[in-house]
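Features of the protein shown, as given by TrEMBL:
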- 201-219: transmembrane segment (TRANSMEM)
- 270-289: transmembrane segment (TRANSMEM)
- 335-354: transmembrane segment (TRANSMEM)
- 361-388: transmembrane segment (TRANSMEM)
- 394-416: transmembrane segment (TRANSMEM)
- 437-461: transmembrane segment (TRANSMEM)
- 467-492: transmembrane segment (TRANSMEM)
Amino acid sequence: MVLKVFFPSCCSSADSGILIGRWLSEQSSAVVLAVVHFPFIPVQVKQYLGEVQHLTKVSLSVLGSWSNSKQEKEEGLSEFLEDLGTIFSHEPWIQISKEGDSKFWSCSTLQKHSSSPKEEEVILVYYDQRKVMLSHLHPPLDTGDGRAEDASKLSAIFDTVARSRVLFMTDRYDEGPIKLTHWQSEGVEASIIVELLKQTSVPACMLLTFLLSLVSGICRSRVLKFWPLSFLWSKLSTCEQLGHRLQHLQVISSNKKAQTQTQLMRKANIFVSLLIDVALGILLMSWLYRKNRIGHLADTLIPVADHVAEELQDLLQWLMGAPAGLKMNRALDQVLGRFFLYHIHLWISYIHLMSPFIEMILWYVGLSACLGLTVALCILSDIIALLTFHIYCFYVYGARLYCLKIYGLSSLWRLFRGKKWNVLRQRVDSCSYDLDQLFIGTLLFTILLFLLPTTALYYLVFTLLRLLVVIVQGLIHLLVDLIDSLPLYSLILRLCRSYRLAAGVKFRVLEQQDGKPLRLLMQINPLSYGAVVQTYRLPTYSCYPKDSWASLCKKLFLGELIYPWKHKGEKQD
């Protein structure tokens, strides 16, 4: 039988005493947490362990004795340490002794109450107590039986050290009857700045919670449910991002303490994401308001809009002729071309009507960058949507006309085959038609078929323009989702203190000699950066429904609207 003793490396130079920790019988392992030095009273030690066990809910006991022969000069110390096993009565009683400056330690076990004591092979495993206490062991992504069992064994060791935090709050400067050696025995780590921030954060969080509850109450009021405000709140990506950030602020300012490591990391990731987002937004705002860049942007915006309108007019003039040598239906071509040219004329008039106010609008819009870079990017996406609204209208007109003809042709094709679409049962049934119905169907089918190329060409051109606008807006929203969902705090923690995010452990052999226990060093394997992002990625919203490529191609072929101003969960037109 192999007995594993997990010994903290910070106690290797401790004075002689007794080992306190937790015995894991199902693993035949002993997790040493601290060393109690002489002199001590056994009753006080038992009382102290009972108090710590009541606070931590960890079954602590005296595991054995520790002897540092380099510092001890008294005779008969080994016999006294063996006699302690009768007072604390732990089976097995572990005896570890350090022989001067030798790298090899002696470790033995005593089983006084066993009828047939057996010689057990002992493995000493050194671990960094501070790193193990502060780290969080993540379950393996590959949930095999063997790996899951190993992870459960490791989690018991990590959980024992982490839950014994109260034990590590006692240092050698405390005036108490018990003197301990552990990773924090030289003094409890503390920071005056951190303590001041903790004290000042309480009223700040209370004020922020009150303001957020007031804002959320206004958002849930009936004022926003009326038509103009409800339409803007549900369709503009800026409003969606503001609502998303409002939920993040409510999570951060909540008085409820995080119960698990996942909730704590989520709060920290949201806080760092908000902080970096606002910092980038302030940098963008300072850049915009320097050297009158807002005025230059306003002066550039109107000529760009005019240039886009002129290019659309030239494109429509080309479509109204003989595009690529194609023979189009002259009458329908002229009607569609003049219809779209009139819309461009209205759009140019609207842009020139708004031109005196563009600089003022951009000046006030630039101030919104102080709310974060993501809000500024969402405003940019909404501005692009408003400036290309005429292209969206052209696409909707062409798609509706093309879809009407496609579904009309498919319905008339079923008429030729003596079938019809049963609306109630959602299937194709047989049907008998008379001569007049077949004649009217043939006439309509011929008209729609010969008008289809002209409509399809307009639909193809405006669909390509619409896809170009959607790609630009999609790239902006991808950047917004990246900032919203990226677990920045976890990535910084993985970069600076990788042991805090543990994926597992590895063991390195220190020394091995016949007749001496095998000495191993337990080191923490950190999570990979991909696993950190996958584990702690924040949930985001999406303005557009996510369709597969097959569904997208089907919609393009049938003339259904793609990426309209609708949200997930709503039906498509």
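All residue numbers here begin at 1 and follow the chain in the order shown.
Cβ coordinates are placed from backbone N, Cα and C, and glycine is handled just like the others.
Contact between the transmembrane segment (270-289) and the transmembrane segment (437-461) is not supported: fewer than 3 Cβ pairs lie under 8 Å, counting only residues 6 or more apart in sequence. Most Cβ pairs under 8 Å with the transmembrane segment (361-388) belong to 467-492, among the candidate stretches 335-354, 437-461, 467-492.
Through the fold, the transmembrane segment (467-492) approaches residues 237, 241, 244, 265, 268-269, 271-273, 276-277, 373-374, 377-378, 380-381, 384-385, 388, 391-392, 501, 529, 532-533, 535-540, 542-544, 562-563 of its own chain, all at least 6 residues removed from its boundaries and within a Cβ separation under 8 Å.
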